[in-house]
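Engineer: Shown below is the structure under consideration.
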Amino acid sequence: MHFKGHRDAVTCVDFSPNTKQLASGSMDSCLMVWHMKPKSRAYHFTGHKDAVTCVNFSPSGHLLASGSRDKTIRIWVPNVKGESTVFRAHTATVRSVHFCSDGQSLVTASDDKTVKVWSTHRQKFLFSLSQHINWVRCARFSPDGRLIVSASDDKTVKLWDKTSRECVHSYCEHGSFVTYVDFHPSGTCIAAAGMDNTVKVWDVRTHRLLQHYQLHSAAVNALSFHPAGNYLVTASSDSTLKILDLMEGRLLYTLHGHQGPATTVAFSRTGDYFASGGSDEQVMVWKSNFDATDYGEAIKVQRPPASLVSSSRNLPEVNFPVLPGRGKSQESVQSQPQEPSSVPQTLTSTLEHIVGQLDVLTQTVSILEQRLTLTEDKLKQCLENQQLIMQKTIP
């Protein structure tokens, strides 16, 4: 399915929670809301004075947030054309907007090097997170709303505690600007895309790098997790989309459709569709055909085609376990049919959990050993000082 109406590069897309609507923003400063019915009309929302850079539906679908190069955030009522509330606090282009899962808060990222959190119902700016030293391209809430993750041109991804407003950890493995970041649906991992053509996945509990993909031949501009957590779709300036199997840690499909850089991509909340946008001014909707009835049942994977040249064609149906696994880092390869694993999935997931807990215990023991060493050194120094004092006091 193709949507045409923008007069410049498409910068952002997002589905409504019920998948009946699709919002897209463009460099032409226009925000459009499309109805997911063939030949249905699109609503044009005008108000931004410059390029619309980001868009996100609220969890209820009753509100739509957008950010712009005009330095403002607007909150729209999707079914009421032209009605919006303007939020102002950023001093440069707003690159990212994202609602918290409870719909009460909004997090934004900007070229002013800050991440800002807002109250959507009180329509009030709450606080800033200001440790990045270059433009902040993306900021997202964790599924439970307790954490915030941000990606920046300073080549770092930062994890923040929303309550304390402190930076919990900085991930510095990217070799260039980090363009996009998001939480895994479980909230235990994050994935980030970069101008270094890579995608990286970290565990937010141990901060370990779990997976590294270098599959694109140009910058990776956006990514999106499938709601089941097994798949990740990426959009790149090499004009392709790629579907990654996070369970196996490998490339599944390469999709060709955009004539020029693919700038944005997003799964629907149900996982039935994903949408992409590009510099060719097109919005494309792809049908994923992932099994929505039982993600936990592992069956044989069918051989996928090398590429899809039209968004109207469906991806092959693939089913595999939903439990997050530790994938292998691999170079770009074509997917091959896999033999069903002889190891029961419940046993595999249990072993992976045990390994993860052992890693945490190992790190804890290491920290305790370091503290014990410091304590011993301080105790030794105190004893030596006491001996010197005793020697000086004895006539």
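Note: Cβ is positioned from N, Cα and C throughout, glycine not excepted.
Grabbed the feature section from TrEMBL, which reads as follows:
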- 330-345: compositional bias 'Low complexity' (COMPBIAS)
- 319-345: region 'Disordered' (REGION)
- 3-44: repeat 'WD' (REPEAT)
- 45-76: repeat 'WD' (REPEAT)
- 87-128: repeat 'WD' (REPEAT)
- 129-170: repeat 'WD' (REPEAT)
- 171-212: repeat 'WD' (REPEAT)
- 213-254: repeat 'WD' (REPEAT)
- 255-287: repeat 'WD' (REPEAT)
Engineer: Need a quick answer: max count of Cβ pairs under 8 Å to the repeat 'WD' (3-44), which of 87-128, 129-170, 171-212, 213-254, 255-287 is it?
Structural biologist: 255-287
Engineer: Express the predicted model's confidence over the repeat 'WD' (87-128) as a mean pLDDT, rounded to an integer.
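Structural biologist: That stretch averages a pLDDT of 96.
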Engineer: Are there residues at least six beyond either end of the repeat 'WD' (129-170) with Cβ under 8 Å to its Cβ atoms? List them, or say none.
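Structural biologist: Cβ under 8 Å, 6 or more out: 92, 95-96, 98-102, 105, 107-111, 113-117, 176-183, 185-187, 190, 192-194, 202, 204, 207.
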Engineer: Cβ under 8 Å, sequence separation of at least 6 from the ends of the repeat 'WD' (255-287): give me the contacting residues as numbers and ranges.
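Structural biologist: Distant contacts of the repeat 'WD' (255-287): 1-4, 6-15, 17-19, 22, 24, 26, 34, 36, 218, 221-228, 233-243, 307-311, 314-315.
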Engineer: Which sequence-distant residues neighbour the repeat 'WD' (171-212)? Criterion: at least 6 residues beyond either end, Cβ under 8 Å.
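Structural biologist: Contacts with the repeat 'WD' (171-212): 134, 137-144, 147, 149-153, 155-159, 218-225, 227-229, 232, 234, 236, 244, 246, 249, 324, 326-329, 356, 359-360, 363.
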Engineer: Restricting to the same chain and to residues at least six past its boundaries, which positions have a Cβ under 8 Å from a Cβ of the repeat 'WD' (87-128)?
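Structural biologist: That would be 53-60, 63, 65-69, 71-75, 134-141, 143-145, 148, 150-152, 160, 162, 165.
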Engineer: How does the repeat 'WD' (87-128) divide up by DSSP, counting helix, then strand, then coil residues?
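Structural biologist: Each residue of the repeat 'WD' (87-128) counted once, the result is 0 helix, 24 strand, 18 coil.
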